[in-house]
Amino acid sequence: MASGKAGTRDIKMVLCAERYDACHSGGYEESVGEEAERHKEMVQNGLGAELCWGPGAPAMSSSIRIESVVKEKNRMGECPVWEERENALIYVDINSQKVCRWSAVSHEVQCVSVDARVSSVALRQHGGYVITLGTRFAFLDWDSQKVTTILELEQDKPNNRFNDGKVDPKGRYFAGTMAEETAPGVRARRQGALYTLFPDLSVIKQLDQVDISNGLDWSLDHRTFFHIDSLAYAVHAFSYDVHTGRIACPRLVYHLEEEEHMPDGMCIDVEGKLWVACIDGGRVIRVDPETGKRIQTVRLPASRITSCCFGGKDYAEMYVTSAYDGLDEATLAKEPQAGDIFKVMGFEILL
């Protein structure tokens, strides 16, 4: 793995939010194709960012099917993103310090090792990736495995690291930080923050005093930003200015029930409903952000469910990451698929 330092003069960051979280687009359907093209035109006019738009999967089904597609175990699989140009799922294994790519054609997994815990990955318009590792934003060139640092933050907090991240509808990279545990179940509170990296490589801080900045996404009309602080056990919504990238006016959307455990990663479907991965809850839940009600639960054969995204043909499949770190030997024996990545199918039949 090579490394370097990025400068604004020689490296221009242009992110492609491939359905900006692999939940909003894919193969165009006639009913939404014109709207998708309007969205695409709009974002192409701003900050040099091009987004790839189209419909995500309808969300509720009476014939849900679950298949383990990545059996190479992840210590802490996270941040799945469907990469349409490669027909592949890109994701990270935080604790193994790897960025990985699973081919839907060959079913092979390729990984690039990096020098710190890597917590999120986003697509660049002309190939390659932007990642968060340690407390750095960085570029990753897949072919050369070269990592080029863009900016390092929170150098005064040596126990912090980045966590989840995602690209917004204008190609800005939102990513948040958290404090690591100093002992099992022990961590400093409110040490994290939420940042936005702009295509010109400037960075702003959006939120402060966050515990574990986690799942995030945007409403289909680009007026609302959704965010999870895991230790709040809740999903919050913020007003979102698509032109400036600023967020404001938080409000509670959904507070998790005891059996759902802690919220982790999140994505949104074509109907504007949120899917929240429940770590230690063994499930993803579907939440209506307008009513604040849970409307569906999909249980999976692993307890440490970490994140989710839509992908595959027409983005009709949900990919769900999991982890095996944190499980004792007895639990691992009961959960042979812990650490796998699952494909959830059967969303085409609406209830």
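Indices start at 1 and increase along the chain as displayed.
Positions of Cβ are set from backbone N, Cα and C atoms, glycine also.
The model shown is predicted, which means the values in this text are computed figures rather than measured ones.
Annotation comment: TrEMBL describes Asp264 as active site, proton donor/acceptor. The feature divalent metal cation binding site is assigned by TrEMBL to Glu78, Asn214, Asp264. Here TrEMBL flags Arg161, Asn163, Glu181 as substrate binding site. Here TrEMBL flags 76-323 as domain 'SMP-30/Gluconolactonase/LRE-like region'.
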Would you identify which of the binding-site residues Glu78, Glu181 has the most other C-beta atoms lying within 10 angstroms of its C-beta? Glu78
Taking the Cβ of Asn163 (substrate binding site) as the centre, how many other Cβ atoms fall within a 10 Å radius? 27
Divalent metal cation site, defined by Glu78, Asn214, Asp264: further same-chain residues with Cβ within 8 Å of the Cβ centre: Cys79, Asn163, Asp164, Gly215, Ile228, Ser230, Gly265, Ala277, Ile279, Thr306, Ser307
Candidates Glu78, Asn214, Asp264 (recorded positions) - the one closest to Arg161 (substrate binding site) by CA: Asn214
Integer Cα-Cα distance in angstrom, Glu181 (substrate binding site) to Asn214 (divalent metal cation binding site): 16
Can you tell which of the recorded positions (Arg161, Asn214, Asp264) has the fewest other C-beta atoms within 10 angstroms of its C-beta? Arg161
I want the residues beyond Arg161, Asn163, Glu181 whose C-beta is within 8 angstroms of the mean position of the substrate site's C-beta atoms, in chain order. Arg117, Ser119, Asn160, Phe162, Thr177, Met178, Ala179, Glu180, Arg187, Ile212
Between Asn163 (substrate binding site) and the residue listed as 'active site, proton donor/acceptor', find the distance joining the two CA atoms and give it rounded to the nearest Å. 10
Whole-number Å only: compute the distance from the Cα of Glu78 (divalent metal cation binding site) to the Cα of Asp264 (active site, proton donor/acceptor). 9
Cα distance, the residue listed as 'active site, proton donor/acceptor' to Asn214 (divalent metal cation binding site), nearest Å? 6
Would you mind giving the whole-number mean pLDDT across the domain 'SMP-30/Gluconolactonase/LRE-like region' (76-323)? 97
